[in-house]
Amino acid sequence: MFTKYFLCSSPVLSDGGDARYSETEPMLPEGRLSAEEGDGDEVEVDEEEEEEEQGQRPTTRNMPKESPLAMALQIVVPFLLAGFGTVSAGMVLDIVQHWDAFKYITEIFILVPALLGLKGNLEMTLASRLSTAVNVGKMDSPIEKWNLIIGNLALKQVQATVVGFLAAVAAVVLGWIPEGKFQMSHAVLLCSASVATAFIASMLQGFIMVGVIVGSKKTGINPDNVATPIAASFGDLITLAILAWISQGLYNCLDSHPYVSSLVCAFFLSLTPLWMVISSKHPASRTLLYSGWEPVITAMVISSIGGLILDKTVSDPNLAGIVVYTPVINGIGGNLVAIQSSRISTHLHFHSAPGEVPEEAKGCYHPCRTFCGTGANHRSAQVLLLLVLPGHLIFLYTIHLMKSGHTTLTPIFMTVYLAAALLQVFLLLCIADWMVYSMWGSGKDPDSFSIPYLTALGDLLGTALLALSFQFLWYIGDQDSDVGD
């Protein structure tokens, strides 16, 4: 997971740390671009910067102003793009579930939420952090900008490879526990497909994300509103297509060339030291090699539990229709809550010192704190919640027009589905409001920690609520499992 350029809140760091960076620093400070600078020069620069900051405190950059209409317009377009991306991913998953690899190695379904969740673990977190960097003026220097980008991309490849491998291990374990069966050839195939998919998809999406952030900066658009949903626009589709293609290709080689899976896995794992060396050349990303793993692994485990629910639901022929809607409800929920998390984090970086929670966020949490009020974060929460119903109606109708899925859009189905989607986003926005302020108060950077947890919870909540919805529809007689075959 991309944690923000920070160290653990303790001043004592591991060997790979750098005491010049703190957990809640938005980005690399000016004058700290290289680890090769002399220590004496650094002290002098630091003292000069402190004196300048004390004398120029009132002239610091102001947070960008935007009206509710401007905010809504900036959010809607990337939100729709991201939604159509998840619709495409759902349609692809609906098709590939009938491929031999998915039919005979059903544990691949456990991989789906975990690998799709990489966009929350890596891309969305990168987008949130770089969005904050743009807004606070930490990407104005070309040298600083490219230090941030190169260090982040290299670190992201390390984390993608490790998370892909761990996701495969989790899929093997979660698939084996209820069935009591274990096949080594299937386990190696899962590891190879997961690692290769995570590596390739992460690299492609990383380049896209950097382009979006730089483009937003040049066009004057607030990247907090557009970066995170665009990060997911084609992320689900790209990741799922790569997973399906690699899994089926390796499955076809399973009998004739059984060693291929092992070679593929070994190749991508062998590249990890190279990316670690590149990442360690940059002081800020070097610290993340030691401090940035907690949210990555935790989010992967949460998403894998959602994948287990999907695997067991898909195995029931009566509930086959859930497949096409799972990436949609999970992706939309994750996109919306990532926007809110990024906006709250940017607000805190502007208006609060690290570890100090604003007065309005103190005390026991209640939902009114999130939705009731006239502040910028209240308005954004209201806008995001209002987007749920019209957005999902558009995406449901798109799936219907494409004649995909196994479920007719009956009034009862649409009512139950929309209720599940609305409940999911409502809960996620409430959790985001509580989590971001709590992390800021404890000295952790919410840009780095909150989005992985929130998108993983979105996967778990979305899959669980969707499974319950389909079970409910089946029990009340809204049965239509042959549509779309």
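A Cβ is built for glycine as well, from the same backbone N, Cα and C atoms used for every other residue.
Quick look at what TrEMBL annotates:
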{"type": "REGION", "residues": "10-64", "note": "region 'Disordered'"}
{"type": "COMPBIAS", "residues": "36-53", "note": "compositional bias 'Acidic residues'"}
{"type": "TRANSMEM", "residues": "69-92", "note": "transmembrane segment"}
{"type": "DOMAIN", "residues": "112-245", "note": "domain 'SLC41A/MgtE integral membrane'"}
{"type": "TRANSMEM", "residues": "158-178", "note": "transmembrane segment"}
{"type": "TRANSMEM", "residues": "184-214", "note": "transmembrane segment"}
{"type": "TRANSMEM", "residues": "226-247", "note": "transmembrane segment"}
{"type": "TRANSMEM", "residues": "259-278", "note": "transmembrane segment"}
{"type": "TRANSMEM", "residues": "290-310", "note": "transmembrane segment"}
{"type": "TRANSMEM", "residues": "322-339", "note": "transmembrane segment"}
{"type": "DOMAIN", "residues": "326-468", "note": "domain 'SLC41A/MgtE integral membrane'"}
{"type": "TRANSMEM", "residues": "383-400", "note": "transmembrane segment"}
{"type": "TRANSMEM", "residues": "412-432", "note": "transmembrane segment"}
{"type": "TRANSMEM", "residues": "453-476", "note": "transmembrane segment"}
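Under 8 Å from some Cβ of the transmembrane segment (453-476) lie the Cβ atoms of residues 113, 116-117, 119-121, 124, 295, 298-300, 302-303, 305-307, 309-310, 313, 318-319, 321-322, 325-326, 329-330, 333-334, 337-338, 341, 412-413, 416-417, 419-421, 423-424, 427-428, 431-432, 435, all in the same chain and six or more residues away from its ends. Sequence-remote contacts of a segment are chain residues at least 6 beyond its ends whose Cβ falls under 8 Å from one of its Cβ atoms, and for the transmembrane segment (322-339) they are 75, 79, 82-83, 85-87, 89-91, 93-94, 97, 112-113, 116-117, 119-120, 124, 127-128, 224-225, 228-229, 232, 236, 240, 306, 310, 313-314, 380, 384, 387-388, 391-392, 395, 399, 404-407, 417, 420-421, 424-425, 428-429, 431-432, 451, 454-455, 458-459, 461-463, 465-467, 470, 484. When each of the listed stretches 69-92, 158-178, 259-278, 290-310 is scored by C-beta pairs under 8 angstroms to the transmembrane segment (383-400), 69-92 comes out highest. Non-local neighbours of the transmembrane segment (69-92) in the same chain are 116, 221-222, 225-226, 229-230, 232-237, 239-241, 244, 323-328, 330-332, 335-336, 339, 379-380, 383-384, 387, 391, 394-395, 398-399, 402, 404-405; each lies 6+ residues outside the stretch with a CB under 8 Å from one of its CB atoms. Beyond the transmembrane segment (259-278), the same-chain residues lying 6 or more positions past its ends with a Cβ under 8 Å from any Cβ of the stretch are 150, 154-155, 157-158, 161-162, 165, 185, 188-189, 191-192, 195-196, 199, 246, 250, 253, 289.
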